[in-house]
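Here is what TrEMBL says about this protein:
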type	residues	note
BINDING	G184, G186, K187, T188	ATP binding site
DOMAIN	173-301	domain 'AAA+ ATPase'
DOMAIN	384-453	domain 'Chromosomal replication initiator DnaA C-terminal'
REGION	1-86	region 'Domain I, interacts with DnaA modulators'
REGION	357-476	region 'Domain IV, binds dsDNA'
Amino acid sequence: MSNTAATVWNNCLAFIEDNITSQAYKTWFEPIKAVKLTDSALSIQVPSKFFYEWLEEHYVKLLKVALTKELGATAKLVYVIRMENTYGNKQPFTERIPSSNRSNTQASQNVDVPLKNKSPELKNPFVIPGIRNVKIESQLNPNYNFDSFLEGESNRLARSAGIAVANKPGGTSFNPLLVFGGVGLGKTHLAHAIGVDIKDKYPEKTVLYISAEKFVQQYSESVQKNNRNDFIHFYQVIDVLIVDDIQLLSGKAGTQDVFFHIFNHLHQNGRQVILTSDKAPVDMIDIEQRLLSRFKWGLSAELNHPDYETRVAIIKNKLYRDGVEMPDDIVEFLANNIKTNIRELEGAIISLIAHSSFNKKEITIELAKKIVDNYVKHTKREVSIDYIQKVVSDYFQMDVETLQSKTRKRHIVQARQLAMFFAKKFTKASLASIGSQIGQRDHATVLHACKTVDNLSSTDKQFRKYVEDLQKKLTI
Ligand code: ADP
Ligand code: MG
């Protein structure tokens, strides 16, 4: 039997390997072992619950495709979690996991299943949240709650505002509440936490979490199917609307228009709107002014990079919830080396646990270093605006003063615009701050530069080459 399980899994792996980066493959798929095949259910063993959750969150679709190719449409995947770790923490305990038969959204319902020492089985019904249901399911992930969202200086304002909103949805001046901040800093987690808390306190309220991406997609489908009004109506009956990554509406005039109407309706009727974005409203590009001004009606709260203490607390909390112990010096090493993205911090922890538990190696500083190297290589290197100006000037064989000068000569203007464009793309600086560093321009000039570069790179082949060359130089 186990031979067949291995064969099926190897075939799946071959397919998976072709479809993801080799780093992701190494981290997330190599440590998996196929353990059993019964009918069309393949059991795979993963090193921890967190590992399982990560696979579910990031690779469920890929796994489904791979497994369906091998075992047909009735293919099922069963996770077996091996909880033991190098430090031999083996007490049985109870974990909350998604249930296979009660829920058709991964997130909204859970059952308690006792996990024994070995081989607890998690059935995965392969249901991708949101594709089947028509009645309004909140689409909230109960694991993303306030308890698991650790407080620190970096998130205090946003977190407290979130709690205030959850206590009195629609009844505070934080409407909309806009949470903004960089990648992996907890926007999605916090947005869910607010929704989860509201559902807890006000079960009768209709709460809906939706990514802006999906909103855009639903809207364009509604236009194609000629039921735009149904679409609007659907959103108008919601009490608490949470839209994640609202910056993705940029450039989508139709969706912005419809969102504007939905927003107004909800707001006028005292319903709560919660938005997240990777930029402050003032830095959002290609979003209509009237919508931006709505975003500013309530409160915009920023999530900043977590400070050292918060990073340590987040790591320890994660380890605790995963039932894993790790020496303090390694926790400190991780906290010192991965600073700007909590998702990467979590990825490194899980990768460490996976390596150590499957290779039966202790978690050592050397192993931690190796893994952090992988992660840090993968993170975008922080480039400074000065560095960008230098690279762009060198590329066009001019000096930085010329690039910054007031001249209107076309090739110099273009170089300057490219520098602004890349500063926007590769740094966290605001438009105003970019402008002031690149020849004392204002934020409107920078905005215009970004748009011009966007336009030119889609219409002018030579210009596109500049963009590609520079992009390469700046990312090596
Ligand atoms: P974003 O949406 O800003 O890109 P996420 O909300 O997806 O970021 O967060 C990335 C990961 O970091 C998630 O697993 C989340 O649970 C975790 N995380 C973020 N902030 C915190 C926090 N304050 N406490 C604990 N975990 C956090
Ligand atoms: Mg997010």
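For all residues, glycine too, the Cβ spot is worked out from N, Cα and C.
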Least buried by Cβ count (within 10 Å) of the binding-site residues G184, G186: G184
Residues in the region 'Domain IV, binds dsDNA' (357-476) grouped by DSSP into helix, strand and remaining coil: 88 helix, 0 strand, 32 coil
Under 8 Å by Cβ from T188 (ATP binding site), counting only residues of that chain that are 6 or more apart: Y144, D244, T276
Listed binding-site residues with Cβ under 6 Å from ligand 2, out of G184, G186, K187, T188: K187, T188
CB contacts for K187 (ATP binding site) [other CB atoms within 10 A, all chains]: 23
Secondary structure content of the region 'Domain I, interacts with DnaA modulators' (1-86), with strand meaning DSSP E or B: 48 helix, 18 strand, 20 coil
Remaining residues near the recorded ATP site, that is with C-beta within 8 Å of the centroid of the site residues G184, G186, K187, T188: G181, V183, L185, H189, L190, T276, L303, I342, R343
For the domain 'AAA+ ATPase' (173-301), the number of residues DSSP places in helix, strand and coil: 67 helix, 24 strand, 38 coil
